[in-house]
Amino acid sequence: MLNVNNVQIVYDNVIEAVRDASLTVDEGQIVTLLGSNGAGKSTILKGISGVLYPEEGDIIGGTITLDGENMIGRKPDEIVRSGVVLVPEGRQLFEPLTVEENLMMGGITRNRSAAAEALEYVFSVFPRVKEKRGMIAGYLSGGEQQMVAIGRALMSRPRLLMLDEPSLGLAPQIIAEIFEAVTDLSKQSNVSVLLVEQNAELALSIASYGYIIENGRVVMDGTPAKLMNNEDVKEFYLGFSESGNRRNMRDVKHYKRRKRWLS
Amino acid sequence: MDYFILLTVSGISIGVIYGLIGMGYALIFKATSVVNFAQGEVMMLISYMAFSIASSWSLPFWSLLGVCVVLSGVVGLLIERIFIRPMLGQDVFSTVMVTIGMAVMIRAVVVLIWGADPMVLPTDIGDSGVEFGMVFLYTAQIYAIGFLAVCVFGMWAFLRFSRMGVAMRATAARETTALLMGINVTRVYALAWAIAAVIAGVSGVLLGTIYGLGPDMWTQGLRAFPAVILGGLDSVFGAAISGILIGVLENLSEGYIGHGLKEISGFLVILVVLMIRPYGLFGTPEIERV
């Protein structure tokens with residue numbers, strides 16, 4: 001469905017954030033994008049959403065297509081209308097607005113009755129959000145805010161939902177709840193998900209395919225089973241040493257072991 | 001006592017104008033986080049345009065006002081399109097400088113076209129008025145009070161209930177996220193400028209009818225500025241209330257303490273208020289969870 005092909009993204013015309021990134025998300029699939037801080041994961045998502053320009057970013061090479069149609073250069077609202085929506089990192093709710101107003105803004109690209117319908121749909125996905133609908137969004141707890149953020153994106157009834165680190169700063173129990181909801185979404189509503197995560201173990205547990213990004217390039221991809229069995233992924237992303245034991249932080253000596261994909 | 005009432009009432013009637021201009025400042029600031037220093041100049045420009053229209057065709061007051069509403073909306077959109085939109089993505093400070101430049105330009109253009117002599121805005125409500133006990137109010141003053149009330153209520157309803165209004169608040173809160181949700185941010189900005197210009201335009205026509213036209217009309221914009229700061233830069237409602245407050249205060253301080261205090265009393269009050277409430281009387285403090 002979504003095809004990102006050899007995309008190269010620069011900031012301020014010189015700083016290369018992403019080079020030769022390629023990935024594919026198919027209908028109803030959960031695909032995860034792993035990588036450390038500054039690897040370029042969020043930049044790729046912003047590139048797909050068309051919101052690089054406020055940060056002086058630009059896609060200077062490659063193609064992004066949705067069902068074969070070019071996505072590069074489209075306005076953000078057209079991209080939302082075409083069914084691709086991003087839940088930004090750190091929730092980014094409209095804090096002074098109520099929960100319901102936040103949700104209505106997610107549905108701004110749809111007409112009034114479609115938005116009202118979508119509101120009921122979001123409430124059925126996150127019943128907790130319905131209870132808080134009249135509250136000022138800025139005063140919700142982190143978990144509730146994340147639910148509102150995902151719900152707000154769902155208001156546009158997307159075909160592809162992009163999540164940028166939904167687990168950021170949340171308690172494990174809440175994370176489990178949110179990941180469960182995301183899994184249900186892809187299974188029941190046939191929404192494709194592109195998930196960016198730091199928590200590799202968690203992300204690979206619900207994904208059907210994964211990409212690992214480092215320094216702006218895709219260095220490895222494969223099924224979760226394949227990735228989890230890779231020695232480097234185990235060591236650098238899952239925190240196991242080669243012997244398979246959980247690493248003792250006292251023995252960490254990153255410089256001694258080079259990642260094999262850095263030839 | 002009579003003196004007090006007299007001062008208060010005339011304070012309210014000028015304060016209403018401050019409030020209207022202030023609402024324009026606050027609306028643009030709220031939506032785009034730019035302080036439009038040309039707000040008073042836009043008001044002056046529209047009132048001079050109204051003068052040309054009124055002296056060419058003798059329209060009844062309400063038709064004149066209607067024409068000016070449309071005209072000022074167009075002026076607002078043009079200003080946004082020509083001067084402000086190219087500044088998108090630039091520093092807010094640079095945009096503010098652009099508005100200051102615009103202000104100087106409009107002042108010059110007005111003098112260039114219409115001359116520097118004071119003029120009377122010829123409308124058919126001119127000198128008519130109503131007497132309340134011992135205070136006399138011009139019809140235009142009463143209209144101004146009514147228009148402020150309509151604006152306050154209208155803006156409140158717009159920002160609370162209409163999708164475009166909520167989108168305006170959302171854009172004010174987080175611009176990038178607003179883009180992500182598919183809100184047409186440029187349209188929101190253009191609308192904010194248009195509404196602010198319409199409010200300025202109508203208050204310009206009313207002000208012109210009450211006090212006449214002159215090349216120093218723009219100073220009303222400067223006078224209205226303390227009102228916006230007092231009310232909280234992002235509070236449209238606060239600007240309206242504080243406008244009246246400042247108007248009354250100016251008049252009382254001049255009437256009881258002495259001449260010359262009128263110009264500074266507003267600024268004195270905001271100094272004190274901002275020490276206690278840095279975000280103004282009705283402004284929103286940052287939402288922080290602890």
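Backbone N, Cα and C define each Cβ position, glycine as well.
Among the features that TrEMBL reports, transmembrane segment is placed at B:6-27, B:61-80, B:92-115, B:135-159, B:188-213, B:225-249, B:261-280.
The transmembrane segment (B:6-27) is in contact with the transmembrane segment (B:135-159), judged by 3+ CB-CB distances under 8 Å for residue pairs 6 or more apart in sequence.
Here the listed stretches are B:61-80, B:92-115, B:135-159, B:188-213, B:225-249, and the one with the most C-beta pairs under 8 angstroms to the transmembrane segment (B:261-280) is B:225-249. Counted as Cβ pairs under 8 Å, contacts with the transmembrane segment (B:225-249) are highest for B:135-159 among B:92-115, B:135-159, B:188-213.
The list of residues near the transmembrane segment (B:61-80) in space but at least 6 beyond its ends in sequence, with Cβ under 8 angstroms from a Cβ of it, reads 38, 42, 45-46, 49-50, 53-54, 102, 123-125, 189-190, 193-198, 200-202, 204-205, 209.
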